[in-house]
Amino acid sequence: MGDEDLIQACQIENILYAGVIGDALGVPVEFEKRDSYYINSMIGVGTWGRPAGSWSDDTSFSLPLMENLIENGDYDQLMQKFENYMFHNEYTPDDEAFGIGNTCAKAVRN
């Protein structure tokens with residue numbers, strides 16, 4: 001891996017971290033009216049009653065996807081990872097899956 005590849009890998013990693021942080025900032029106010037809150041730090045409770053810094057199903061689905069891409073996994077392996085998230089609480093900040101929408105749940109089950 002050359003220096004250019006390393007820089008790109010670091011940039012990708014930073015982008016992924018930014019996504020997780022943004023997700024965690026938004027969890028407490030998910031589904032709230034946009035102008036009804038001001039977020040400038042990690043807070044807890046809110047919509048889902050989660051501790052500060054908890055990420056949502058968006059990140060919990062993204063983590064196994066990234067892992068599967070890195071491992072060069074196939075579709076069945078990805079679906080297994082998604083099932084591990086949904087039914088075994090893997091890829092969660094505190095071993096509890098929450099907020100999985102009906103469409104995502106149905107897609108994984110089928």
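Glycine residues also receive a Cβ, built from the backbone N, Cα and C atoms like all the rest.
Bear in mind that TrEMBL entries carry predicted annotations, made automatically and left uncurated.
As written in TrEMBL, here are the features:
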BINDING   Ser56, Asp57, Asp58  Mg(2+) binding site
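Other than the site residues Ser56, Asp57, Asp58, same-chain residues with C-beta atoms no more than 8 angstroms from the centre of those residues' C-beta atoms, the Mg(2+) site, are Asp23, Val27, Trp55, Thr59, Ser60, Phe61, Gly99, Ile100. There are 18 other CB atoms within 10 A of the CB of Asp58 (Mg(2+) binding site), with all protein chains counted. According to its DSSP assignment, Asp57 (Mg(2+) binding site) is helical.
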